[in-house]
Amino acid sequence: MRRRLCVLAGAVAMAAFLAGPASAYMVYVSNEKDNTITVVDSSTMQVVKTVNVGQRPRGITISHDGKHIYLCASDDDTIEVIDTATLEVVDTLPSGPDPELFVLSPDGKTLYVANEDDNLVTVIDIESKKVLAEIPVGVEPEGMGVSPDGKTMVNTSETTNMAHFIDTSTHEITDNVLVDSRPRFVEFTPDGSQAWVSAEIGGTVSVIDNASREVIHKITFEIAGLRSESIQPVGVRITADGKKAYVALGPANRVAVVNTETYAVEKYVLVGQRVWQLAFTPDQKTIISTNGVSNDITFIDVATDEPVQSVTVGALPWGVVVSPN
Amino acid sequence: MTMPAETDGGGTLPLKAPAFGLANYLVCLKGILVREGLRFLHQRERFVSSLVRPLLWLFIFAAGFRQVLGVSIIPPYKTYVLYEVYITPGLCGMILLFSGMQSSLSMVYDREMGNMRTLLVSPFPRWFLLVSKLLAGVTVSIAQVYVFLAVAWFWGVKAPPLGYLMVLPALFLAGLMLCSLGLLLSSMIRQLENFAGVMNFVIFPMYFASPALYPLWRIQESSPLLYKICLANPFTYAVELVRFAFYGQIDWMSLGIVAGFTTLFLAGAIIAYDPSRGLMTRKQDTGGNA
């Protein structure tokens, strides 16, 4: 009997251990409406601090060493550099007007910025704070993605409905791929063979083969009880092992979990209202969604694809990034 | 223990209750439990109907009221949940409520049919017989709840795995409270036909004036008075106790209130069924004198 109790106690302790918090990372959320970023501890899922930043903060990313946050302050027409130790704005980068979203090159030296109002992609060298190139693209550029080898960069233009493939060495557009209406976001698979492009109005995610630059599959979404207009794919993230993709579905309040081999939607995870962007923790155990209308973020367990907890942040949370260490 | 009523009433030798060992008590408890279990198993319609009722609510009512975009976050939920997830603890409460009242019905039935005499001539103390009857009722209720939860699990309504274990003590206490209430009511009901009154005046008001089907803040928005009524309803706390337990949490206020009401109802039922002080005797006496 005692032995049995010991086994039971062991099993309970094991379950508690397995369910225990993952390593602590800092989660940085840009709040578009109240001009702040909220810092959340990923292990306690509590807000640590709220920091005032420039106007209309949207795109947010972090340097590979985790020392600096880069933030698009869209209405200030600049990119702010925030020291993660002091959480103060220490520098700005010349972004061109109305920067919305950007991507950091794999070597961490270059930022590719979409300038929504000027139909440009601006290439910025971080160290020298110089603009290396301005690449004319389609109307209302937004989504930005870069291949893992750093050779190809993709920009989507919301009104032209195209994904523009750009050679990062020449800064020239090499291919234009037509996708569905209002493409918002680009994410490369970890092996670089595919670029996944979400289309907000079209309600699809186009999978583009990086070699042939052709759409090889279109993923559609269907949620019982919801009109198809409410399903608006925005943020996309793919796990490091390349097996699962997460797609934020905007006003559907759900994150779709997609099998990257079969392209089948395996699950819809209920999160807050108007889910916008997503970010993994570096250990890939958790993915975090920003929910714009309900002013919160939701932590989703990657192993079970179950929502764990929602945490209230600032007004209209837009982008999210997690510290690498 | 002496039984003053019978000695005074009879005016004969004082009756001493025989001294029973624990084993004897257990035999008696087992007898009552087995009888209740057998009765439940033999009444297949009762089992089916007790299962169909909450499932109808889960499958049809929840589908009609389904908030596809999620119920806003209130404790113990840490994130957004679907409506069917929200009402599942409430439906567990409903099973306990109906089942508790059904045992009260069975007491009235037993009394009408004369079966109760068999139980009451037992030499064991009256309180023990009543508590055994209660435990039997609660056990049957909890079995129904778990069958319902199993079906809900296949329907996609899943609580954390440990929650199914943690909810057991909460179901037990909530079941005890509702069964005691049923027992107390049964002492006041003279005839089987009056059970419809219990349905309309006890079960439905308790069920609807609780957070079983909707969060109380919604009721507060439409009527502050109704909100206060909900707060005065013991069933409210039974549902919340069960809801929190599903997520491994103890809602201390609900626990205290449910424990308090259980004690109150149980004491009331024991007094009501006590032949010396009981409500029944008093009623009969007054009836007889008049």
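Note that Cβ sites are derived from N, Cα and C of the backbone, with glycine treated the same way.
Any TrEMBL annotation is an automated prediction that lacks curation.
Residues or ranges marked as domain 'ABC transmembrane type-2' in TrEMBL: B:45-276.
Annotation source TrEMBL lists transmembrane segment at B:15-34 (among others).
Residues or ranges marked as transmembrane segment in TrEMBL: B:55-74 (among others). Same-chain residues lying 6 or more positions outside the transmembrane segment (B:55-74) and placing a CB less than 8 Å from one of its CB atoms are 80-88, 91, 94, 148, 151-152, 155, 157, 213, 215, 217.
Per TrEMBL, transmembrane segment is recorded for B:86-109 (among others). If you look at the transmembrane segment (B:86-109), the same-chain residues 6 or more away from its ends with a CB under 8 A from one of its CBs are 36, 39, 46, 50, 53-54, 57-58, 61-62, 71, 77, 115-116, 133-134, 136-137, 140-141, 144-145, 148-149, 152, 157, 159, 167, 171, 174-175, 178-183, 185-187, 189, 191-192, 194-195, 198-199, 202-203, 206-207, 210-213, 215, 235, 238-239, 242-243, 246.
Among the features that TrEMBL reports, transmembrane segment is placed at B:130-156 (among others).
Non-local neighbours of the transmembrane segment (B:162-185) in the same chain are 92-93, 96-97, 99-105, 107, 130, 133-134, 137-138, 141-142, 145-146, 149, 198, 202, 234-235, 238-239, 241-242, 244-248, 255, 258-259, 261-262, 265-266, 268-269, 272-273; each lies 6+ residues outside the stretch with a CB under 8 Å from one of its CB atoms. Residues or ranges marked as transmembrane segment in TrEMBL: B:162-185 (among others).
If you look up TrEMBL, you'll see B:197-217 (among others) marked as transmembrane segment.
Through the fold, the transmembrane segment (B:252-273) approaches residues 126-127, 130-131, 134, 173-174, 176-177, 180-181, 183-184, 187-188, 234, 237-238, 240-241, 244, 279-280 of its own chain, all at least 6 residues removed from its boundaries and within a Cβ separation under 8 Å. Residues annotated as transmembrane segment in TrEMBL: B:252-273 (among others).
Residues 61, 71-72, 74, 86-87, 89-91, 93-94, 97-98, 101, 104-105, 181, 185, 189, 226-227, 229-231, 233-236, 239-240, 243 of the same chain, all 6+ positions outside the transmembrane segment (B:197-217), place their C-beta atoms under 8 angstroms from a C-beta of that stretch.
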